[in-house]
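All remarks here apply to the structure that follows.
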Amino acid sequence: MYRVHFYLIAAFLVILLNNPLHSENWNFLNTSRIGAAEFIKKHPSYDGRNVVVIILDTGVDLGTPGLTELPQGGVKIIDVQDFTGEGDVNLEKAEKGTENNEKYLKHSSGSRLFGYDKLPDQPKDSLYYIGIIEEKRFKNSVLPDVNNNGKRDDTFGLIVFKKDTTWISYIDLDGDGNLQDEEPYWNYKDQLKAITFRGRDPEVSRNLASFAINIFPDEKRINLYFAGGDHGTHVAGIAAGYNINGQKGMNGIAPGAKIISLKIGDSRLAGGATVTGSMIKAYEYGIEFAKKYDGPVVFNMSYGIGSEIEGQAQMDLIVDDFLRENESLVFCLSAGNEGPGISTIGLPAAAHRALTVGAMNVKETARDVYGANIKRDLLFPFSSRGGELNKPDIVTPGGASSTVPPFSSRENKWGTSMAAPQASGGVALLMSAASQQNPPLPIVGALIKKAVKNAAVPLKEYSPLEQGSGVMNIPRAFEYYKKYIEEKEQTKLLDYEVTTVSPVYESEEGEAAYWRFGGYFPDKDHKQRFYIRPVFPQGLTADERNNFYRAFNLETTVPWIKINKSSTYIRGDKAARVDVYYDASRLNKPGLYNGKVIAYRKGGFLSGNKPENKEFELLCTVVVPHRFTDKNNHTYRSGQIRLKPGEIKRIFFDVPLGASSASIRMGQSGNKYTKLRGYLFDPQGRESAHSLYLNTEKQSAHIVRLLKDELKQGIWELDLYNDFRSEEDAYAEIKISFSGLEITPERISRVEINHGENPQGSFEVRNVFNRRVDARVQGQMMGIKRTRYISDDSEEYEYVFTVTDDYDKVEFELEMDADVFNLFTDFAINILNMDEEVLLSDGLSYKSIKLTFYPPSSGDYILKMVPGFAAHEPTDWNARLTERYYTFKRPKIISSMYTFYPKVKKEVDFEIDGAIPVAPDGFRVFGEIWLDEQDVNKYRTTVPLELNTSLNDY
């Protein structure tokens with residue numbers, strides 16, 4: 001027995017010593033939860049080798065430990081491209097000259113480069129192109145000092161010429177004006193050589209980043225590639241890092257995979273925003289590479305913005321088209337960080353054919369990275385949820401310590417951005433394994449996605465719209481994939497297209513049942529019909545499509561979903577039909593109801609109601625809200641709510657007609673200590689600017705108030721969240737209540753001005769609810785405003801505005817239609833001074849945004865908008881821009897106390913305490929009158945006042 005035991009240990013040690021990828025588990029970057037560590041331990045060669053992970057992001061730093069080499073030797077990052085133009089340097093023909101018997105090349109700016117004639121490489125045609133890299137152009141980027149020498153005004157010249165058939169460049173990397181001590185560089189993918197600028201004191205200052213070049217002679221430009229942020233480098237380490245931070249065994253998911261970095265985000269813009277065409281051009285470049293590459297390719301994009309019309313944005317459709325046309329590819333996309341509200345999947349993660357990934361919080365990583373002691377794996381609150389769409393598809397760990405460039409110290413990050421590379425790394429392992437079978441298995445993206453979804457393991461206590469199919473499971477997914485290929489699914493059917501009635505869309509057609517409309521949902525007498533159509537692989541003949549037949553068993557996951565049949569079938573390309581309704585007797589309590597109808601394959605090898613045999617799903621969601629009427633005094637009280645660390649409580653409420661203001665109170669429950677956050681989402685799933693935070697060490701309650709212009713009709717969502725790092729359960733009580741004061745006119749545009757008297761005016765109030773209201777009426781004049789409409793078709797829109805000494809702050813509000821917003825992949829906004837230094841940076845997550853700017857001094861400033869179009873070139877776009885300039889001196893609006901009885905109209909008088917200023921042409925003087933109710937809810941109804949006082953308008 002002991003000898004056998006010894007031999008087993010010895011054999012195990014041999015395996016360990018010969019498997020450099022096996023290691024103890026590094027929970028800082030968890031590779032075990034999705035089965036990657038287990039998969040590689042069992043199959044060491046299935047480590048991602050021969051697979052390329054294409055990362056569309058801010059760029060990946062070329063010199064970061066963990067991203068420089070492959071386990072089997074060789075360079076890990078095999079190509080880099082910049083589609084933002086951030087690193088572009090224009091080239092021009094160099095002028096030759098001589099000074100003190102030394103030859104130089106001269107740029108039109110006057111800069112000169114000596115020593116070119118002594119270089120070992122020379123052009124045959126004696127033609128040189130010259131360019132200048134000026135540090136000052138990077139002043140708003142992450143690298144304003146590229147060589148870290150303490151100066152931000154260095155200049156680095158470069159020359160480009162054609163040697164034989166290759167274009168090469170010499171760069172004055174130390175900025176001394178002489179090229180004689182420099183080495184040649186050419187396109188990175190051909191040379192695989194990174195660049196480091198010199199000039200710093202290496203004992204004092206570290207190198208901040210590594211660079212590379214790509215030469216475009218036909219366009220007379222050279223691009224200086226660099227990581228414009230730490231995001232892309234962090235993502236790359238999760239997907240495919242090897243010996244991260246120089247630590248043996250600290251690896252990403254697919255350490256054997258190669259990487260291509262396609263930079264789509266410009267670090268000079270908020271969040272490293274995409275610019276026009278950068279995303280689509282990057283995809284096109286990657287697809288062309290994949291067509292020529294002798295091996296599998298998976299894309300990762302941890303980028304996106306909020307969805308206004310889920311699945312219908314231009315980039316959503318482009319992604320679907322790319323995947324339809326290129327069946328061997330998989331795109332892993334981050335779901336978005338707009339949660340925990342439902343209906344928050346971003347774009348282009350809403351694309352149907354993409355593998356959309358949400359973020360889970362693994363208990364071991366929570367412990368080792370964040371010091372949290374959660375008892376089970378959770379979903380991160382920020383992870384975007386589905387609703388209108390059957391998304392996300394899966395979840396993976398969304399927090400990690402990973403690779404970052406030398407200029408960054410933020411190696412710990414969380415987000416769905418961190419979850420997507422877990423999935424792309426996992427897909428790389430599946431592709432690597434498939435390509436090493438004998439014979440190799442074909443790579444079919446849709447079937448890989450199917451295997452990944454069907455093999456996923458659901459987390460308990462989370463619904464499908466929160467987690468999709470569940471947690472990725474690589475070993476099981478590979479077994480499923482082998483079965484699908486064995487059955488030759490790639491020659492029969494790839495996917496299904498599901499459509500049903502969905503009132504959230506203008507067409508009233510969507511892919512899921514989503515009922516969030518006053519509590520209505522289809523009943524037995526008004527069934528909802530789903531249509532399920534087959535998606536065939538390319539190349540099938542008309543006869544093959546016509547002869548297709550497949551039958552399915554139907555099963556519901558929750559008892560309140562009722563179906564009209566237990567099985568169905570598809571013949572040819574005709575749609576199957578399944579009628580669904582919802583049992584009202586089981587939906588009588590307010591809350592979120594979510595479940596699925598699952599179709600399992602009937603007959604054949606892959607038959608039976610088992611996960612591997614799932615063919616399609618019909619996602620059904622019903623939201624039953626709390627309602628507000630005279631009977632409950634337009635008030636909801638929750639009673640005590642208890643949340644364990646990491647838990648979420650959802651409260652849905654329907655805004656009553658006639659509501660003029662709302663009060664949401666998060667209060668202490670008894671004497672219990674608590675720290676709790678509240679997130680508020682409007683009926684479309686957009687997060688409100690109002691959030692709640694209760695810390696009972698500092699206060700007993702937190703109240704937010706919504707004004708009439710904020711109270712969109714429909715069902716709102718309030719989500720309470722106890723931070724997973726909390727050591728205690730959280731207790732709270734919620735009170736939501738409404739007031740209903742109807743104001744006529746809704747906006748005051750005229751006042752009476754009599755000589756020697758304050759301006760005076762009046763308006764009418766009607767109390768539409770059933771309780772008496774006592775309110776103090778007062779207000780304030782605030783400044784000047786104007787609204788104008790922008791119509792443009794350029795890549796940048798600039799507007800110079802002036803702030804005088806009279807104004808404290810400036811507010812800009814930009815709003816566009818949803819179909820206009822759908823044109824973009826980003827929309828960045830910067831406010832700059834006249835030296836073009838960025839003072840405020842932001843961008844649109846949805847179709848509207850409000851920016852508040854506090855000018856450091858009076859003077860001129862630039863409002864710069866950079867719409868990032870999904871298409872290659874910009875097109876017409878329009879929006880409404882409102883400017884508000886707030887004065888330091890704000891005259892009061894005086895009135896008095898009023899009592900408003902139910903259903904009774906009353907006139908309210910007011911006066912402005914002081915003269916009304918003359919507004920500049922095109923502007924109006926504005927202010928607000930407030931009806932502040934004196935009860936415990938402290939409702940505020942706001943009456944806007946806008947007066948035209950411009951002299952030229954009289």
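Glycine is treated like the rest: Cβ placed from N, Cα and C.
Unlike curated entries, TrEMBL annotations are predicted automatically.
Per TrEMBL, the feature active site, charge relay system maps to D57, H231, S417. Residues or ranges marked as domain 'Peptidase S8/S53' in TrEMBL: 48-456.
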Mean of the pLDDT scores, which run from 0 to 100, over the domain 'Peptidase S8/S53' (48-456): 95
S417 (active site, charge relay system), number of other Cβ atoms within 10 Å: 26
CB contacts for D57 (active site, charge relay system) [other CB atoms within 10 A, all chains]: 28
Assigned conformation of H231 (active site, charge relay system) - DSSP reduced to three states: helix
Cα distance (Å, whole number) from H231 (active site, charge relay system) to D57 (active site, charge relay system): 7
Rounded distance in angstrom between the Cα atoms of H231 (active site, charge relay system) and S417 (active site, charge relay system): 8
C-beta crowding around H231 (active site, charge relay system), within 10 angstroms: 26
Secondary-structure category, per DSSP, in which S417 (active site, charge relay system) falls: helix
